[in-house]
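Trainee: After the structure tokens below, expect a handful of questions from me.
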There are 2 protein chains.
Amino acid sequence: MVLPVDRPVSVSTPVSSGASVTGGAPGATGTARVPGGSSAPVTSGSLPGSRKTYLIGSADGLRVPMREVVLSTGDSVILYDTSGPYTDAEQVTDVRRGLAPLRDAWIAARGDTEVYQGTAPEIRHGEGLRKPSPRRALPGRAVTQLAYARRGEVTPEMEFVALREGLPVETVRAEIAAGRAVLPANVNHPESEPMAIGRALLVKINANIGNSAVTSSIEEEVDKMVWATRWGADTVMDLSTGRDIHTTREWIIRNSPVPIGTVPIYQALEKAGGKAEELSWEIYRDTVIEQCEQGVDYMTVHAGVLLRYVPLTARRKTGIVSRGGSILAAWCLAHHQENFLYTHFAELCEILRAYDVTFSLGDGLRPGSIADANDAAQLAELATLGELTSVAWEHDVQVMIEGPGHVPMNKIKENVDLQRELCHDAPFYTLGPLTTDIAPGYDHITSAIGAAMIGWYGTAMLCYVTPKEHLGLPDRDDVKAGVIAYKIAAHAADLAKGHPGAQAWDDALSDARFDFRWTDQFHLALDPETAEAFHDETLPATPAKSAHFCSMCGPHFCSMKITQDVRRYAAEHGMGEIEAVDAGMREKSAEFAARGSHVYLPIAEA
Amino acid sequence: MVLPVDRPVSVSTPVSSGASVTGGAPGATGTARVPGGSSAPVTSGSLPGSRKTYLIGSADGLRVPMREVVLSTGDSVILYDTSGPYTDAEQVTDVRRGLAPLRDAWIAARGDTEVYQGTAPEIRHGEGLRKPSPRRALPGRAVTQLAYARRGEVTPEMEFVALREGLPVETVRAEIAAGRAVLPANVNHPESEPMAIGRALLVKINANIGNSAVTSSIEEEVDKMVWATRWGADTVMDLSTGRDIHTTREWIIRNSPVPIGTVPIYQALEKAGGKAEELSWEIYRDTVIEQCEQGVDYMTVHAGVLLRYVPLTARRKTGIVSRGGSILAAWCLAHHQENFLYTHFAELCEILRAYDVTFSLGDGLRPGSIADANDAAQLAELATLGELTSVAWEHDVQVMIEGPGHVPMNKIKENVDLQRELCHDAPFYTLGPLTTDIAPGYDHITSAIGAAMIGWYGTAMLCYVTPKEHLGLPDRDDVKAGVIAYKIAAHAADLAKGHPGAQAWDDALSDARFDFRWTDQFHLALDPETAEAFHDETLPATPAKSAHFCSMCGPHFCSMKITQDVRRYAAEHGMGEIEAVDAGMREKSAEFAARGSHVYLPIAEA
């Protein structure tokens, strides 16, 4: 998204030169470490050629960080920015303490919450971590953005979103009030920069991180969170299933500039000793409260996995592939009782309302293969999620709906249309979908295809898939590969939807490309470092970066070069007036020849 | 594509074990080198877990090579195979001599061609290369597959295609006769294994290779061709623009099991000293004849870049980005004459007919940015390509139509629909399209999205884009990345189109995944080596490959494991009869608990 230029802008930091900022500006890189013995610093510093810019709002302290790409022409392109203070060369971040709680004053000023003694366990290695007592709603109060929006109140969070999206604040409020958008913002995660998810807004992407019993450490996960937001993740889900779930999550939330999502059933199952049948509503409820107090912004709740739907999966090719869905299916079978998340859904709504935690109603019966797409089990659950959406809305709780999975291209639109109809326009949040099963190792691509399409059709947020999907846990490189693939999908969807301002980014890059402004092209790229590195593999010398050709064709065959000559020739001779062309053509032809017919300038002239 | 099992099959070679074949079977790897001092061997040997299988046809010597993946269950999956003899462990290939001319006997038996003294220049380092004198049609004869198909003749080439596609041979003949499919098969490239391109067939992909003035050698290009076909390229275009164009091409053609395409204007421009205005019909014609004699199977001809269309590009964001298009635009402007490819098109048809070279009518005015998509210049040229299609068909010459480029998702379908209407259902062959401009370094992904969609909408062949697009020349890794991304796009399109048999590949892989047959899953993957390597990064030990869980969740959280338990439980208790479920549920619940409620087996039991 590129903002119109007449917006109030405050630029806080000098632009970094493309050559020196890889790895961050001095003083901001490699200094902040997670305690516990890790030697891996959290990544910080500007992206090459970019600096942090702030849009100033009307609310107290409302400054919206944006990424400003400063071009060699003197122009700037201002882009949506998810990366938080880590990319601000003037801010020193310290993951041992956590980010500044920028929303604290706004939340307190509303006067509808109280601070209380929470129930959370001790945090390992948390000596320096800012860990305030939790807040919750005063009795009987709904402290959700949905409740405010329905009352016609514009919160600072909404204004922040409107500024960053380049949309009228009333649009943001109205979309939230109607349930067509959510603004996940737990009162206990004041560090987060507000963002919203809805079909009228830019398409968002989520990155999953989290350790498992088999691999990975807290330090790695915090760095993955920062790394994912650096490349554009709008939210991050912590799907940890191993030891130290609580501590890992605490570190992530205190340092996260984006909303954090979880799947509470994973931690509840740990508490139940890993035995699904020993789960209970009470264990689950306490786990949810613990996570609400920590600051989780949205939670995946598989309340639509009903007992009667489980047999619908028995003849599937790949059964139930959602972890949460399968845990609840096992519980339902073991007890022959209805899913306790369904039967206790109203109580769950009361809890989430007290913290403004957003429901992400999970698709526990999503298809795990092309063969199972859009089947009876999936669609039965979807209808139930629609029913639950209405219940949540009655409680003023924000809701989005999770979607598949594995779906061939010809069945993607049906998914969106059904979701929209059955779930009353609540935002859709899909995993991929993967459009074929044959490419393990490349599922960021099989799914980016489906994600781009489903985003175009109206899906509000796309959960990324990394190259390691189905094979292993993503490392840092995989996280980046997944985020980039999904930023591509989301932006392609924004373009196809005709989101105002979306194409300005493409236009700026294409202009730079056509003008052979190589460095500007790199800086405008979704991944400036890779673009420059790929260029340099073939033509590493600095002069090549101002060369009026590239290594694909060499100086004598460059089509862009030829076109520039055609255009210059056309401009000099008035050929811009297409209607007049034919009349004057013969004369112009002679002039062109007289000038030496140089359609390719020698390198020395370039 | 997976063939039905009742097809006659001849298996020539023992299956390779997954562990040993990476890098090829003994005796077939690393022995064949391109003379000229290179130390890089051409890649050969089976893919892991695959062996070469042959389908036997009715024509003399008609054996269709297929890739057979042999599973641990004893079942086989037979897949379309573009990789030629290089992946047959029983064949020894020698790039110094070239591949066996398998179509020679068929071509000679038709009795409509003559061998004559060609005009081609000397080949460098070509001492050992099989280099027969060229063939051409006897005077007045049309030796094209189109002419044969129109006369109702089923050629061995058509039968080969039908067997490999799993389609009735009459379908193949009828599609070619109607111009809806092409079978590019120059009589001077008898080494090629026949394939066809059309919307009723499997979606095909093309890989571009070729050196430029700046980089790359003949040896590298031959290896890239073999490498590209190993991963699934259905055709290869040699876009060389540097020195030794003729020699590079000769080595590629003599060793290529797939059709080779070129853009003759590149070589013609070399002959004109790199000066567009010094090009002439005569230089171009002689270049085309030289390439026809060498065995080029299809040629990109930018005959639709008309003088009056050139000014339509003057106000574009990125002008003319096609190299061929810009060269001809420059020529038109310099001479103020109509494009000589347009004015001499009938003569060109006569030449191509004599060798059965297929036209690939180039989109010289394709958009080079999102801003320029579907504009007047592009659509004007497309209408002219439709006009030329009719002319080519009058001469019995096969035709396909090239398409864009850079197109946002919402404008892709319009492209296909217009092409189909304006070009009378001639096969569409598109570059991507890229669905956004913002991701240089990742354009294999920006374009795989567009390619999958345009394939679904009816495009017959997708020209790949590598990660180096816009930045540099692709190396070996980039070629593979581009081919894999495009195989994904093509297969996703086949699935969405409902091509018979397409989904069987996905089903086989999903079955293996659900059964935790890890090795089968790797072997069925589009890229078995990467799938296995990614798995092994997290769980390298051999036992993990038979483990009933994976590193994403660990043994206690595996959803597939749980589902298997649910399914087994359901099967044991008759729950497959969904209607009967509810009645017996309470009883079953008790039984489940009595069995110990093991939804997760301990690792030792797995």
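Numbering starts at 1 and runs along the chain as it is shown here.
Just so you know, glycine gets a Cβ as well, placed from its N, Cα and C.
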Trainee: TrEMBL records A:N208, A:M237, A:Y266, A:H302, A:S322, A:R323, A:G324, A:D363, A:G364, A:L365, A:R366, A:E402 as substrate-binding residues. Which of A:Y284, A:Y342, A:Y355, A:Y429 is assigned to the same site?
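Mentor: Of A:Y284, A:Y342, A:Y355, A:Y429, A:Y429 joins A:N208, A:M237, A:Y266, A:H302, A:S322, A:R323, A:G324, A:D363, A:G364, A:L365, A:R366, A:E402 in the substrate site that TrEMBL records.
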Trainee: Less than 8 Å, Cβ to Cβ, versus chain B; work out which of the binding-site residues A:N208, A:Y266, A:G364, A:R366, A:Y429 satisfy that and list them by sequence.
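Mentor: Of A:N208, A:Y266, A:G364, A:R366, A:Y429, the entries that lie near chain B are A:Y266.
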Trainee: Would you pick out, from the binding-site residues A:G324, A:G364, the residue whose Cβ has the largest number of other Cβ atoms within 10 Å?
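Mentor: The residue with the most neighbouring Cβ atoms within 10 Å is A:G364.
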Trainee: Neighbour count, 10 Å Cβ-Cβ cut-off, for A:S322 (substrate binding site): what number do you get?
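Mentor: Excluding its own Cβ, the number within 10 Å is 27.
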Trainee: Out of these binding-site residues, A:R366, A:H406, A:H470, which one has the fewest other C-beta atoms within 10 Å of its own C-beta?
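Mentor: Each of the binding-site residues A:R366, A:H406, A:H470 was scored by Cβ atoms within 10 Å; lowest is A:H470.
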Trainee: Fill in the CA-CA distance, A:N208 (substrate binding site) to A:H470 (Zn(2+) binding site), as an integer in Å.
Mentor: 14
Trainee: Give the three-state DSSP assignment (helix, strand or coil) for A:G324 (substrate binding site).
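Mentor: SS state of A:G324 (substrate binding site) = helix.
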Trainee: Return the residues near A:Y429 (substrate binding site), defined as same-chain residues 6+ apart in sequence whose C-beta is under 8 angstroms from its C-beta, sorted by sequence, else 'none'.
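Mentor: Expected: A:I197, A:N206, A:S360, A:M400, A:I401, A:E402, A:G403, A:T459, A:A460, A:M461, A:L462, A:C463.
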Trainee: Determine the C-alpha span of the substrate site listed in the record, that is the greatest distance between any two of A:N208, A:M237, A:Y266, A:H302, A:S322, A:R323, A:G324, A:D363, A:G364, A:L365, A:R366, A:E402, A:Y429, in Å to the nearest whole number.
Mentor: 20
Trainee: What are the helix, strand and coil residue counts for the domain 'ThiC-associated' (A:47-114) according to DSSP?
Mentor: 11 helix, 21 strand, 36 coil
Trainee: Please report how many Å separate the Cα atom of A:Y266 (substrate binding site) from that of A:H470 (Zn(2+) binding site), as a whole number.
Mentor: 19
